[in-house]
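Record features (TrEMBL):
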type: DOMAIN; residues: C:57-133; note: domain 'Carboxymuconolactone decarboxylase-like'
type: DOMAIN; residues: C:184-255; note: domain 'Carboxymuconolactone decarboxylase-like'
Amino acid sequence: MATVGAATAVVQTSGDGDAASAASASASATTTTSPATSPSADALEQVAPGLARYQREDLEEGLWARPGLAARDRHLVTLAHLVGSGQTQHLTTYLEDALDAGLTPAEVSETVTHLAFYSGWENAASAVGPLQEVFAARGVSAQDLPAASPDLLPLDQAAEAARAEQVQSTYGEVSQGVVDSTGEVLFRDLWLRPDLAPRDRSLVTVTALVSSGQVQQIPFHLGRAMDNGLTEAEVGETMHQLAFYAGWPKVFSAMPTVGEVLAARR
Amino acid sequence: MATVGAATAVVQTSGDGDAASAASASASATTTTSPATSPSADALEQVAPGLARYQREDLEEGLWARPGLAARDRHLVTLAHLVGSGQTQHLTTYLEDALDAGLTPAEVSETVTHLAFYSGWENAASAVGPLQEVFAARGVSAQDLPAASPDLLPLDQAAEAARAEQVQSTYGEVSQGVVDSTGEVLFRDLWLRPDLAPRDRSLVTVTALVSSGQVQQIPFHLGRAMDNGLTEAEVGETMHQLAFYAGWPKVFSAMPTVGEVLAARR
Amino acid sequence: MATVGAATAVVQTSGDGDAASAASASASATTTTSPATSPSADALEQVAPGLARYQREDLEEGLWARPGLAARDRHLVTLAHLVGSGQTQHLTTYLEDALDAGLTPAEVSETVTHLAFYSGWENAASAVGPLQEVFAARGVSAQDLPAASPDLLPLDQAAEAARAEQVQSTYGEVSQGVVDSTGEVLFRDLWLRPDLAPRDRSLVTVTALVSSGQVQQIPFHLGRAMDNGLTEAEVGETMHQLAFYAGWPKVFSAMPTVGEVLAARR
């Protein structure tokens, strides 16, 4: 997990696939911090001993070890929150940890692409540098990544027609440009790209909504997420993950609406 | 535009007004990326080929080329969003592109000054370094910039009296300090500074509101923007520009309120 | 105060507890700017003369000198806003100024720890580097900081039972994990840590709520703040401080709710 500290970070960012050099880096890393990539447990201890304890007891041994949401999904949620809110200071460490936990380079790449639309273009663009660094260190190449124009997943024509009509009637009088791009770029293209499963794309989207306080947009996307396979238990633990990473207030503000969506589907 | 990639960025940030050296930089720039200032098209291709395609097709050849809102205004909106939300990683590139598109140094300077009050002091302060860098490279000097205390535009006494009374009655019981500063610093000073037109000041303000999710403040400022000359078509395309740059959810959350303002004025 | 410019910043960040070298740094600092830590008055003058004037007249000689909220509290509010919103570019300068104004290293450390939960983990983590730098320069050591597991303040059993029941009934159906962590980690641990007074912890929390636009969470925490000793005058000037630092729109959106809390307690 991303909070595991300097040792992991140093090993991973030095990684060139050479096991010997990685082992050597690991040996020295145990006594070195890497402030450029992450506040290590040592750094936390030095300035905020309470925070260091919470990180160890309530994050590393607590939240991240809980059932209800797979570690790989916790990484997806955490990464989506960080990229979507432009928090890049320790992003290489979080990216390394996410890849170690089983997210593929293609999934991470698509997550950033998806967030360009759901969290703003420049937040995605600001993740490109860290992504380059991490992919280069791991030897990720073009064939590991999604194509620019892959074969798209099939479109659910009925659901898309209903969505399009709702958006047209709500927003058409304000901005036909937004309405058109919503259909053409988002729902008839982005959402159909195959390298991030619709369920994961929904999880990323719901995370972006909670993380940016956009509660009004939750009902549509949470419903879609559950249609795409997200379970109630996973929704609950996603909120728990976000309480720690996006902060309690945003989760408390979102949970009544989340609760209404869950209740309506029971 | 800001997303045009490394070649433009390198030429512009190397710019010292010397055409020969700029041309030389341009020649080499076509094969170099400049990760310090902007993710180039090459960098995007390397880590997120889909995002690179969207940038080319839907931003560069799509959004930025659309009618309804002048390119200069699209830069003003984009810049206001980035400065107002503290997204400084590629800000020098966006600033260069905005100046190339016709925004004057004085307008850019006033935009940052205006955002200190509408997006928080430190977001404006965080743009000062990039601004220094870009202005220095272009030889912008004191006489190109607004005076500290210029002759102010005339005050609309009746409108200001109505605004002051509304703010006093709504907020006076909570904070007379806020009420007083709103009148003295904002509406009897900042808004009357002549180096950014009231219509542009309103466009910057509405952008800051959508970008930070402050929907409740939209009716007053959008009405003021249209009183100041912003057209319905421009409002619609501002929302479209912000869908891409501030993200879809913030625009979707704002549009019902925007629609009510438009409808009430028809 | 944090906007006082380069001279203060340079002296402070060079500080090693050696009075002679500090005095020497001070002598040279009056003619040097330190763009790495803060936009100096000179830097502001160069790119935004109006902003420089507002900083001098309305912040330094205005807001920060006002009665109603102690300078030390204004620093606590400003710091909580900056850390909570991840604005780290000039954070070392703000930290230096806050310590000079009387906040203790232990209080600053606890403020960052508190914000991990109220503004998201990574915003707190992003302040660790600047905190290390400032604490090291001042020779702050482990005995100046809160213990990882100090003796906790006594718990108000009745108030906690009421809070727990309300949270269980509102959120239990959505995420029992969130409900459990709210009690165990936040209200039975974090809030009882003795190195930041409950009144200050509340001021930090209310600041985080206004700064992130989480208006729905204000009634509970503002009521608690006033139970913990925050006065009406201090609430009003906290809003004034945040108008400048978090921006007018967030304060205008919060003030109706703040007003309702104040009115209900009169």
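Any Cβ shown, glycine's included, is placed from N, Cα and C.
Broken down with DSSP, the domain 'Carboxymuconolactone decarboxylase-like' (C:184-255) shows 56 helix, 0 strand, 16 coil. Using DSSP to sort the residues of the domain 'Carboxymuconolactone decarboxylase-like' (C:57-133) gives these counts of helix, strand and coil: 56 helix, 0 strand, 21 coil.
Per-residue pLDDT, averaged over the domain 'Carboxymuconolactone decarboxylase-like' (C:57-133), rounds to 97.
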